Structures are given as structure tokens and as C-alpha cells.
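**Student:** Pulled these from Swiss-Prot:
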type	residues	note
BINDING	SER100, ASP241, ASP243, ASP245	Mg(2+) binding site
MOD_RES	SER100	phosphoserine
ACT_SITE	SER100	active site, phosphoserine intermediate
Amino acid sequence: MHRMFGTDGVRGIANKELTPELAYKLGKAGAYVLTGRCHKPKILVGMDTRISGDMLENALVSGILSIGAEAICVGIVPTPAVAYLTRKYNADAGVVISASHNPVEYNGIKFFNGKGYKLSDELEDKIQYVIESNFKDVSIPIGSKVGRKIMETGEARKAYIEFAKSTIDTDLKDLKVVLDCANGASYVTSVKAFQELGAKVKVINNEPDGININHNCGSTHPENLMKTVVEEGYDMGLAFDGDADRCLAIDEKGNLINGDFIMAIIAKHLKNQGKLYKNVVVSTVMSNVGFDIALKEEGINTIKTQVGDRYVLEEMRKEGYKLGGEQSGHIIMLDYNTTGDGLITALQIACIVKKSGRKLSDIASMMKNLPQTLVNAKVPDDKKKIYMEDEEIVLKIKEIERKLHGCGRVLIRPSGTEPLVRVMLEGEEQGEIDKMAHNLAELIEVKLN
């Protein structure tokens, strides 16, 4: 069975791969699977600012109503707001229509369970099975048993803003902040939260027209934000992506503060307050070695997962850890929300700067990124996972690890989509690791071709 669901719901080019017909089926099957035998189940629906959002929302909601469920439509809100509001409204499930940081032609449909967590693979497979079996044995309500659509846009947005503000214990008066909303879902919520907390706020890229989401702006294109912060003398910049589940920061000197730095800063702050469970942070294998070194010096341990925020969250829930995330700015704080939350991340950073009275560049200096290099080895698809079976390659990796003597690492990852093996090295000397990475990639190509 070809899986309909990827790592972040069902995604594709809107009206071509993710069609209104598919959205209708997902709404109908999702409502059926996720609400069980509830008398009048409720499903909360939110979306980002893409032009295709209205088309897909109408189709999705039709599917939900056709099964007898109520659809609570909260309009344009961040993905983490849907996770929070699903809990607040005691909904049986939540759905967000968004393709996150991807270009405008893409869209996606992602489900949350009643507790605000992304669905397990098993539940996603059940939804797919119901669709592929053409809704066999699914009873269709008529008359008064058909579902209703309930509009909750203003109140729901306000509730999320109040919730986000409640996660910090200080105002932000006298703090000068530039927000880059990526012409996306945070264009109201983030701005209002910072303004209501008293910050002096300049906003860029907060005029969504349905087409300009993520276009040369937001967390994937922070160059304009960096320039604005420096030229206009702001304390910091904060960049969100299209659905605002991630956030990156810019210090007062215009330096990018990525997710590794943000996790390190928040981890140290939480540890100092005695709030970092077991003094552990969960990150992915892509986090820089400098992140591990910085946290080790603070008496904080790091646990690594494979790439993807769902794997970070899995590890956190399994062991009860409270802080985790990715270099890309997906930061999960389970004391507050069940998914990466850009606004909560932004508020934590602003709160730490305000309470410390220090510059963000000074706070971020607790960590130094080690130089990093990435070289692709071209390898046939059927051979790219067997590199560890070759003795010469294994010996070469061990030799490089010895040369790095604990101040660097070798990470080798077969590409999931291309005939490539990615060779990533980190170490203290850029020239040295460039040479070692190229030599290793060449050896992998020779031995596996």
C-alpha cells in the first residue's frame, strides 16, 4: 500500500495532487475514524493564508459534516493554535490546512487527536483504509443528524493569544522587536501578543494576499529581517514560517540564531529555574556538535533522534522530557503545547532577554557552532544503505573519527529521495574537514559503484 500520509500529514500541489475531492474524502474518513461513536463529535479546523485554503477547507468541512460531525472553523491561525484550541474546545480532533514553509502552490491536511498531538501511523493508515475501501460500512446520517459548521474565528484567535502570553511571567516593555510573519498564519496572533505585552514592535511581511506566503521572507529567508534589525537598531528579530510552528531569531548585530542556539538558551534558562526535567534536551542528529559541547558545560545532556520533529516528540513523550527541537526552529516545549510553537518560542527568547538585561548576542555566545561541511556521494539507490558493510569505508570513518579526537563527528545519511549518500563532517578546522569529507565521499562512490 502506498502511504497517503507523509511525515507531516497529506501534502501536495493544491488542486493537482491535493484535490478538493481528496480533501472531502479525508474530512469524511478522518471524522469517522477519529470520533468513534460520539453522539455529536466536534472537529476543529484551521488554516494558513494560502489561496487554496478556502477551496480545501470547504471540501474538507463538507466531508466532516457528511458524517454527522460538527466542524468548528477557526479561520487563519498557526498550526500550534489548532493543537491548543482542539484541547480548549474539547474537540474530538483538529485539522490544519497548511504546507508549512513550502511554496504557495503546495498545501497539506494534517490531523491532531483530541489531546492536540499529531496522529500515529496506525490512525493515519486507518483513515487511508476507509478511503480506499470506498467508505464500506460507513453509515450516512440524514435529516437532523447531518453535521453543522460553527464559525469561531475571532474568539478562538483571542484565546490562543492569551494562552501564548500566559507562558511568560514578565511584560516586554522597552524591548524593541522586529517580527517577520512570512505573510502567513501568524500575521495577527504574533503581532498582537507582542504588542499587548508592551514591546515596541515593527512588523514585516504581514500582508498576506494568498500568494505571497513564504516568498523571500520568514524563517527560510531571514536576510531582510537581519538588515532591518541592524539598520534600525532593534534588540532582536524573530522570523516565523508560513504556519508559525517554527521560529528563528536574529540578534542585535544581525546574526542568525538558529534552533540549536535557541534550544541551548532556553535549556540553560529552564535548568537555572529547576524546570528542565532530568536536565535533558532532545534534538536530532543534525544538531551541531557545538550544541552538545555547550550544553555539556552547563550540566545538560542531549539525546539524539533521526531528522523530523515527530521523532523528537516521540522521544520526549516516551521519557517525559520537556524540551526538544530541530536546528530549523521547530522547538517543542511540552509544558505549554503539544507541537512546535513559533510564538511560544519567540516569547521565551524575548522573556529571557528582558529578564537578564543582556543583549541576545551575549546570551547566545554560550554556544559556538563548529565548522561543518556536506559532500554528496553519487550511489545507486539499491546500494546506498550498504556502505557500512564495506570494510574499507568503515576503517576510513574510524580513522577520521580518531583525527577529530572528540571535537567533531562524521554523520553519513542515505538520501530518502535521490541516489545519494550524504557525508557530513564537523570539526574545528574548515579546511581539514572539507578535505576529509571529499576523500570519504570519493571512497564511497568508488566502492559502491
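In case you wondered, yes, glycine gets a Cβ from its N, Cα and C as well.
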**Student:** Specify all same-chain residues, apart from the site residues SER100, ASP241, ASP243, ASP245, whose Cβ lies within 8 angstroms of the center of the Cβ atoms of the Mg(2+) site, ordered by sequence.
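**Tutor:** Counting only non-site residues, the set is ASP48, PRO78, THR79, SER98, HIS101, GLY184, ALA185, PHE240, GLY242, ALA244, ARG246, GLY340, GLY342.
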**Student:** DSSP secondary structure for SER100 (Mg(2+) binding site), reduced to helix/strand/coil, please.
**Tutor:** coil
**Student:** Relative to the Cβ of ASP241 (Mg(2+) binding site), which residues of the same chain, six or more apart in sequence, are found under 8 Å away?
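**Tutor:** Within the chain, ASP241 (Mg(2+) binding site) has Cβ neighbours under 8 Å at SER100, HIS101, ALA182, GLY184, ASN214, GLY218, SER219, THR220, GLY329, GLY342.
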